[in-house]
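Undergrad: Sharing the feature lines straight out of Swiss-Prot:
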type	residues	note
TOPO_DOM	1-22	topological domain 'Cytoplasmic'
TRANSMEM	23-43	transmembrane segment
TOPO_DOM	44-77	topological domain 'Extracellular'
TRANSMEM	78-98	transmembrane segment
TOPO_DOM	99-134	topological domain 'Cytoplasmic'
TRANSMEM	135-155	transmembrane segment
TOPO_DOM	156-196	topological domain 'Extracellular'
TRANSMEM	197-217	transmembrane segment
TOPO_DOM	218-275	topological domain 'Cytoplasmic'
COMPBIAS	254-267	compositional bias 'Basic and acidic residues'
REGION	254-275	region 'Disordered'
Amino acid sequence: MCGSFLRRVAAEESRHPTPVGRLLLPALLGLRLVLLAAGGTGVFGGGEEQSEFVCHTQQAGCKAVCYDAFHPLSPLRFWAFQVTLVAVPSALYMGFILYHVIWHWEASEKVKTEEETLSQGEKGGEASRAGSSRLLWAYVAQLGVRLALEGAALGGQYHLYGFRMPSSFVCRLEPCLGSTNCYLSRPSEKSIFLKTMFGVTGLCLLFTLLELVLLGLGRWWRIWRHKSPSSNYSPTSQSAKRCKAPTDNFPVVEIRERPGEAGERGSEVPLSARP
């Protein structure tokens, strides 16, 4: 029972997504997690990065204020928050699939006999089609939310960090005395990683948009095929009609003899048998 339930969940989950949504989007999400776990902690480590942020001043509190102005939000925490937000719509969609499968599972358990199944077959088919339509629109909605989140993340990353990390930063905030020059460690490495994460986010945005376009084209194609007159043509039905057509050119004539005529014909004696 558990195996069939899991197969049903997997079938419902893979019914509407195209290969882009089924393979590429999860792969890019996994790539983000690997990049953050393998490289992000080493490149943008919180304690080490702040300790390597050097300012030409001995004024108390100046270095902390300048570092806060340079990095209002740590890039590593920003990307972790972004991945969490992007994964929320997919998690909600999976929860909706589980609810849909459990609801249909309980409804099918209520059907006890074959007669009830046959009598309710049409209603069950309508309910299944309605459920499939709800799953499709739920999938489209979660793709739309993901598209908005990816676009907001790209804009936020560009606003906070730009495309490259500068090697120096001029700070003019209190309690610093005048302008203070501060220097960042490994700016080239940080710039490369920043552009990599920007590119991965851009690919996720592009593939999410492509998935929506493919879903729209697929739905339009199904509607066009359903309305097309040629789709109603069936060679089997046409051949069946030809086989069942009456043969008017060769009518069948049925001749019946009357009982009286049959008796008279049987009572006649041939001429050769007469004396």
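Backbone N, Cα and C define each Cβ position, glycine as well.
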Undergrad: Return the average pLDDT for the topological domain 'Extracellular' (44-77) as a whole number.
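TA: Average per-residue pLDDT within the topological domain 'Extracellular' (44-77): 82.
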Undergrad: What parts of the chain pack near the topological domain 'Extracellular' (44-77), using Cβ distances under 8 Å and only residues at least 6 beyond its ends?
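TA: Apart from its flanks, the topological domain 'Extracellular' (44-77) reaches 36, 160-161, 169, 171, 173-177, 180-186, 190, 193-194, 197.
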Undergrad: Determine which residues of the chain contact the topological domain 'Extracellular' (156-196) at the Cβ level, with the cut-off under 8 Å and only residues 6 or more beyond its ends counted.
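TA: Counting only partners 6 or more residues beyond its ends, the topological domain 'Extracellular' (156-196) has Cβ contacts under 8 Å with 35, 39-40, 43-44, 49, 52-57, 59-63, 65-67, 69-70, 72-73, 75, 78.
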Undergrad: According to DSSP, how is the topological domain 'Extracellular' (44-77) divided among helix, strand and coil residues?
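TA: Tallying H, G and I as helix, E and B as strand, the rest coil: 18 helix, 2 strand, 14 coil.
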